Structures are given as C-alpha cells and as structure tokens.
Amino acid sequence: MPAIKKRKVERETHVDVGASDASSQNDESSETPAAPKSFRELGIIDSLCEACDTLGYKAPTPIQSESIPPALQGRDLIGLAETGSGKTAAFALPILQALMDKPQSLFGLVLAPTRELAYQTSLAFEALGSTINVRTAVIVGGMDMVPQSIALGKKPHIIVATPGRLLDHLENTKGFSLRNLKYLVMDEADRLLDMDFGPILDKILKVLPRERRTFLFSATLSSKVESLQRASLSNPQRISISSNKYQTVSTLQQYFLLRPHKHKDIYLVYLLNEFAGQSVIIFTRTVHETQRMAFLLRALGFGAIPLHGQLSQSARLGALGKFRSRSRNILVATDVAARGLDIPSVDLVLNYDLPTDSKTYIHRVGRTARAGKSGVAISFTSQYDFEILKRVEGALGKELPEYDAPKDEAMVMAERVGEAQRQAIMEMKNFDEKRGSRGKQFGRGKHSREEMDREEG
Ligand SMILES: Nc1ncnc2c1ncn2[C@@H]1O[C@H](COP(=O)(O)OP(=O)(O)OP(=O)(O)O)[C@@H](O)[C@H]1O
C-alpha cells in the first residue's frame, strides 16, 4: 500500500487540459503528457480499483487523471471540471486511499450545499469504499438531531454534511469534535464560499485543524482570491479541465424558446408532449411556482412531482426517489436540485424560468448529458428576460439556437391548459391554507430570499 507523502510545493500549479467529459476519457491534449490509462497507473490501490471496476468505471475521467496523483502526494486541490465529469470520485478515491493507509474515525469531512447532494455523495463514498468497509454519516438540516448525534457517536470515517447542521452539532453535540480531521472537501465550492454560507463556513473552519488537506471542487469556480482564501488552502494545485470557465458538455444540445409570458404554460405542455415518456426536470425560480406547476401538470395527467425547500425532508427524499426510480418521469424543482444531483436517466432539462445567474444555468442544464450521455436543455425566454438569455450566452461564449415549437400545434392545447391552470390555482389555495394554518404559507409575487429557495441548513 503506498504511503501518503507530503510534498512541499512553493507555488500554485496550473494544469489546463482541453474540454472533455466522461465519454472522452482517453482524450489526450497536446498541452499535457499522455493521460494514464488506468486507475492503477494513477497510484490507486487494488481494492479501490476493484470498486471502480464494479461501478463500471473503465478508465479515469480527465479530472480524475489530473487530480488523483497530486492528491495522493498530499497536495491541496482546486478542481474545475464540467458537470457530470466524475468530480466526486476524483476527491473520494484519494481520501479513501489515505484512510486505508492510516485508518481513523472522523477522517474526512465533505461539505455540500444541499441535503440531497449530501446523501448522494455519502452513497458514492460507500460504493467506492465498499471493499474497505468505510463508514459514513450524513449530517443535514431537516432531520432529527438525535439520530445524527448517535451516528456521530459511532465514529464514522467520513462525514458528509450541509454547513448549518454541521455547525449545530459542533456547537451542541457533546463529545463531537473534528479536532483530528485530515481531509476537508468543499463540493460545489463556489456556492459554499458565497455570501449565504460564508459566515457559517468561517465558524466551521475555525474549529478544524490547520494541518489538513483541503479540496475545492465545482463546475463553476472563479479564481476570486478573497473567497478562495476563506477556505485557507495551502499551496493548492489548480486543475482546470476546460478552456472556458463556464463550459457545458459537448453532448448537451441547448436551445431557447422565446414566447410571450402568458403562453409559457401552453408551450410547456407542448414540449412535454414532444418529449413524452422521457425523464424531465423542470426548473422554476420560486417554491410557489414549483408547487403550482406540479398541480397544473398533474391536472393534465402528467406524472409530475415537486421538489423544493419547503417540503419536509422525507417528502424531498421521497420525491427524488420516485424520480430516480422513474415511477414519476417529471421532477418540478427549485434550485435545490440545480447542483450536483446525478440521475443518469435525465433526458431533458426545461428552464421554465431562466436563472438570473449564469452559474446556476450551467449547473441546472448539467443535470442532463452526464458521464458522456446526451441530453437536451430548453430555456423559456419571455419579453421580460431576454437580457438574462443574452447574459447566459455571453457566459457560455456562444449563441443558443431557438427551439422549433410551431405556434399552431402548441395553441390547440390552450383551452385544456387554461382549465388545468384554474384547477391548479384552486389546489394552491387549499395547499396554502393547510400550510398557512401551520404558519408556512408561501408568499407570492415577489421573489423573496426564502421563496428563491437556495438556503440549506
Ligand atoms: N471513471 C468513470 N467512468 C465512468 N463513469 C464515471 C467515472 N467516474 C464517475 N463516473 C460516473 O459519472 C457520473 C457523474 O459523476 P459525478 O456526479 O461525480 O459528476 P460531477 O463532476 O460531480 O458533476 P456535477 O458538477 O454536476 O456535480 C456518475 O454517475 C459517476 O458514477
């Protein structure tokens, strides 16, 4: 078993390789030496190679090829690679290997911006670490604290957490400390390092040992020094697997659809009929809109299920489970589903509302066309948000083609959609009343911070 040796490096190193994805794993760039062909050649031990084999990982993806060797040498990493390009295994494998070398409880901490992503990442660690019996604990908001305290008491090797709840345990759970932590990962690091999470993160970082390795990963990571400094990296190696900061994968076909705001529901139904039977995620900007749309689509006979931050955590996991298992083929979601979720069957991402920030656009459309598969993303654009489309195109560095949705074919559905809209409004009223009595009525109209649904505990 190779020992993990620390190597002192004087300056940040930059590795840039051409745009690529999990399908083009063996692409070789003229700027970099030939990529090693196997996980074994990267220095991964046999038992972990076996796990990769079982998962069907035939060869490392580019971000894995570039990240694993320096990580095994004890470097801090900043990893930038497209959505669906295998970043999870890029940080999980070196941590599992280091854990094998010096087994210890509370060895690694992975921070994630959403609860669903935390669950998914913990499953990835368990799958990759199955041959070495790795124990993980998921510490997220919306779930009972007591079972989590018990899970922490059982001394897991790896904790996967959302920041708010982790801090809660660090402050209130007797006997729990991360004093001996060896690895910290910030997955979706740009989101974790932004203003919303910043103060919580600072408090967590204060109680972590400075003598640790730190990995920052995302598909959209700017090199803003202030926010990266927050993570207190030590001589990080920066690995960037794309030529453009805001790259989407080549297997993704992206379109916009410019229609009047008042006809959006009609064209939405037209598109869902066009993609009938396929697996679709519809993103909206607010909790209210997500819930309304789920009612609307159900009234029209579609198998739609909502996912947003004002549902109980068990309802959220239930919704995701049904969508994953394809017992429902349409997930209507706020941006709680925008980052990290890996559901290989997703064929189409529909942006019912364009997100105001281009990074969110990249993450949303990245829920399809993962690991070399193809996918389609269509973004509704109305008279009100044409400017946003132009901004997104600016960030992507290309213009998007318009999707062909003939007016006469779509408008025949106007009457039925109108009926379903009225039904959805009634159902929303009942829904709001029920929740209102529990003090949880959705606001309407303005996009308040709570409504935008980006917070996680
Ligand atoms: N070497 C590999 N060969 C084949 N498939 C792989 C390999 N590594 C990872 N995968 C698969 O690719 C998919 C995407 O991986 P992952 O979720 O880690 O992507 P990501 O880069 O973190 O995406 P995002 O930026 O959206 O979070 C997963 O289903 C994973 O199992």
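Positions of Cβ are set from backbone N, Cα and C atoms, glycine also.
Note that TrEMBL annotation is computational and uncurated.
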Which is it, of 37-65, 66-94, 182-210, 385-413, that TrEMBL names as motif 'Q motif'? 37-65
Tally of helix, strand and coil residues over the domain 'Helicase C-terminal' (267-411) according to DSSP? 60 helix, 24 strand, 61 coil
PLDDT averaged over the residues of the domain 'DEAD-box RNA helicase Q' (37-65): 96
